[in-house]
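> Right, I'll just put the structure down here and ask away after.
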Amino acid sequence: MIGLGAWLPPRHVTNAEICSRLDTSDEWIRTRIGIAGRHAAEPGTATSDLAVEAGLLAMKSAGVEHVDAVVLATATPDHHIPGTAPTVAHGLGLPEVPAFDVTAGCSGFLYGTALAAGLLHAGTCRTVLVVGAEAMASAVDPDDRATAPIFGDGAGAAVLAAGRPDEPGALGPIAWGSDGSHAADLWIPDGGSRRPVHGTAEAGADRCIRMQGKEVFRHAVRRMCQAAQEAATAAGWVLRDVDRLVVHQANARISATVADTLGIPAERVPSNIDRVGNTSAASIPLLLAHAATGGDLIAGHRVLLAAFGGGFTWAATTLVWPDDVEALV
Ligand code: COA
């Protein structure tokens with residue numbers, strides 16, 4: 001990893017604003033989820049707009065003006081057709097590079113990173129920009145208290161370059177998987193090919209995110225623990241040597257349970273969910289950038305990353321924090 005950037009849209013949405021519309025409370029959102037506020041893109045601002053901002057920062061951080069490919073992880077594309085990554089590449093002034101979307105929910109950034117690592121390893125590319133970006137507000141039902149307090153908008157991006165596996169900044173082996181039998185536990189029911197919505201409006205169609213929170217919570221803990229353990233072992237690490245555990249910011253109680261189960265002390269588990277909420281595919285790069293700029297990630301730190309999301313999907317990998325990357329936010 002040679003560059004890192006993150007971008008949050010300026011508008012901050014407090015719990016008070018959420019509570020003015022829903023039967024919930026600031027106290028419930030803080031204690032049950034760990035969120036005090038989140039950011040929301042203004043109407044008219046799309047995922048690609050957020051992705052371009054983060055991508056520009058990541059490329060500036062890397063000191064590069066060109067990358068050989070753009071991988072965009074998102075669950076909230078600008079449109080069903082076409083993919084959003086070409087729009088991002090165009091916005092970055094890279095109009096002819098290969099660019100494609102990865103749809104793996106909140107695990108998307110780590111999935112994209114694994115794909116990029118494969119492209120670098122095969123010699124297909126020398127540099128790849130991996131972006132995780134979400135305009136979650138576009139998919140959330142503002143009247144659904146099970147989801148509206150949770151999700152936030154944002155984007156994070158990393159430039160990956162070919163290098164040696166033993167040098168700082170090198171990504172370790174990926175441990176990943178999926179279980180499609182849980183597709184309906186976190187989904188947008190209508191508007192896809194299974195339940196198409198034709199025309200501009202269809203009575204009863206549901207095109208908002210719906211979630212079975214308890215199921216998601218249970219599986220998120222189990223799968224992130226499993227994947228993190230597998231990734232650490234594959235990298236030749238033991239868990240007590242992990243300096244930082246970077247967990248997808250879904251719920252502060254999920255992160256705490258994962259850390260407890262793995263035996264990693266709370267002071268080694270950075271968090272930004274209190275101010276950004278669950279930003280899905282943007283969560284991991286946003287947290288890396290915030291932890292790095294806040295001085296909580298330093299050169300040589302052994303970082304274990306884990307994510308879980310809709311699908312279900314999950315992924316974990318390792319990273320030795322580089323000594324010459326200045327994250328830009
Ligand atoms: N405000 C106030 N009360 C709420 C509420 C809200 N926003 N949402 C649910 N409740 C109520 C429920 O109705 C229920 O009331 P009841 O006991 O009278 O039936 C009670 O709180 C407990 O609900 P439950 O769903 O059991 O809460 P929970 O402790 O599981 O927390 C989540 C709900 C959504 C916060 C939690 O399940 C969660 O974080 N799940 C994972 C979400 C996630 O990570 N999603 C993205 C994955 S990548």
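The backbone N, Cα and C atoms fix where each Cβ goes, and this holds for glycine too.
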> Give the range, chosen from 144-148, 239-243, 249-253, 259-263, that TrEMBL lists as region 'ACP-binding'.
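Checked against TrEMBL: region 'ACP-binding' maps to 249-253.
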> Under 8 Å Cβ-Cβ from CYS106 (active site), six or more apart in the same chain: what's there?
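Spatial neighbours, sequence-distant, of CYS106 (active site): ALA75, HIS248, ALA250, ASN278, SER280, ALA281, SER283, ALA307, PHE308, GLY309, GLY310, THR313.
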> Reduced to three states, what secondary structure does DSSP give CYS106 (active site)?
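DSSP call for CYS106 (active site): helix.
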> Around ASN278 (active site), how many other C-beta atoms are within 10 angstroms of its C-beta?
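Result for ASN278 (active site): 25 neighbouring Cβ atoms inside 10 Å.
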> Report, as a single number, how many Cβ atoms besides its own are within 10 Å of the Cβ of HIS248 (active site).
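Counting Cβ neighbours of HIS248 (active site) within 10 Å gives 31.
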